[in-house]
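Novice: This structure is in structure tokens; I'll ask about it shortly.
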Amino acid sequence: MSLWNWLNEIFKYLGWFKKSGKIVFLGLDNAGKTTLLKRLKDDKLFQSSPTSHPTSEELILDDLYLTAYDLGGHKQVRKVWKEYLPVVDAIIFIIDVCDSERFNEARIELDALIADEQLLNCPILILGNKIDKKNALGEFDIRKIFNLYGRTTGQEKNKKTRPIELFMCSIKKREGYGDGLRWISQYF
Ligand SMILES: Nc1nc2c(ncn2[C@@H]2O[C@H](COP(=O)(O)OP(=O)(O)OP(=O)(O)O)[C@@H](O)[C@H]2O)c(=O)[nH]1
Ligand SMILES: [Mg+2]
């Protein structure tokens, strides 16, 4: 364990962080999960290879201390997702908004998470990633394709229903995901 991790353990013990929890990054392969994790950890744009084994990082977002799990999105490794679901406090589901050929596949995975009984109270932040690219679909279309109209809870805090919301972003250009993370951190 690095010195920084030791310090954070001490801060955590002293109650420095008001909140802590576990979060998992899900989504199809190539969506941008590892890129986001590395960006949040080191503020670097990291050229990652596809994730074949789950990894985790400790992240600090304001007063929230997070253990973040990055699971691979390839079909063969998606089966490990369900092992993590019972232990997580929140989910970030990343969609590549340029990959229209795979929207259907992504929607099936997202729908399965939304319908999962273990996750009925688990907040889901959906990130529509790669808006910097020319062929990116807009928020309106993404909400329509992913059946989100009437299913999301609004970008304001809403305690009455299970929180699900979409934020469009470019992890590469550091746009949009900060609002999404602030939104989900209210629910820890
Ligand atoms: N243009 C653009 N490219 C991005 C963005 N975010 C990620 N990428 C690229 O998308 C590719 C896939 O990113 P990864 O983070 O490895 O994807 P992943 O979701 O971890 O994929 P798996 O590990 O296979 O499940 C990489 O080439 C990234 O550089 C973005 O906001 N804009
Ligand atoms: Mg990855």
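Numbers here mean position along the shown chain, with the first residue as 1.
Backbone N, Cα and C atoms are what each Cβ position is placed from, and that goes for glycine too.
Residues or ranges marked as GTP binding site in TrEMBL: 27-35, Gly73, 129-132, Ile171. The Mg(2+) binding site annotation in TrEMBL covers Asp29, Thr34, Thr51.
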Novice: From the Cα of Thr34 (Mg(2+) binding site) across to the Cα of Ile171 (GTP binding site), what is the distance in angstrom?
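Specialist: Just about 10 Å between their Cα atoms.
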Novice: What other residues of this chain sit with their CB within 8 A of the center of the CB atoms of Asp29, Thr34, Thr51, the recorded Mg(2+) site?
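Specialist: Nearby residues not in the site list: Asn30, Ala31, Lys33, Ser48, Ser49, Pro50, Asp70, Gly72, Gly73, His74.
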Novice: Using all protein chains shown, find which of the binding-site residues Thr34, Thr35, Thr51, Asn129 scores highest when you count other CB atoms within 10 A of its CB.
Specialist: Asn129
Novice: Far apart in sequence but close in space: which same-chain residues, 6 or more away, have a Cβ under 8 Å from Lys33 (GTP binding site)?
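Specialist: Those within reach of Lys33 (GTP binding site), by Cβ under 8 Å and sequence separation of 6 or more, are Phe25, Leu26, Gly27, Thr51, Asp70, Leu71, Gly73, Ile92, Ile94.
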Novice: Which binding-site residues from the set Lys33, Thr34, Thr35, Thr51, Ile131 come near ligand 2, judged by a Cβ under 6 Å from any of its atoms?
Specialist: Lys33, Thr34, Thr51
Novice: Where's the emptiest Cβ shell within 10 Å among the binding-site residues Gly27, Asp29, Ile131, Ile171?
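Specialist: Result for the binding-site residues Gly27, Asp29, Ile131, Ile171: minimum number of other Cβ atoms within 10 Å at Asp29.
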Novice: Looking at Cβ-Cβ distances, which residues of the chain lie under 8 angstroms from Ala31 (GTP binding site) while being 6 or more apart from it?
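Specialist: In sequence order, the residues whose Cβ lies under 8 Å from that of Ala31 (GTP binding site) (at least 6 apart) are Gly73, Ile94, Ile95, Asp96, Ala106, Asn129.
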Novice: Can you see whether DSSP assigns Gly27 (GTP binding site) to helix, strand or coil?
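Specialist: Going by the DSSP assignment, Gly27 (GTP binding site) belongs to neither helix nor strand, so it counts as coil.
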Novice: On the three-state reduction of DSSP, what should I expect for Thr34 (Mg(2+) binding site)?
Specialist: helix
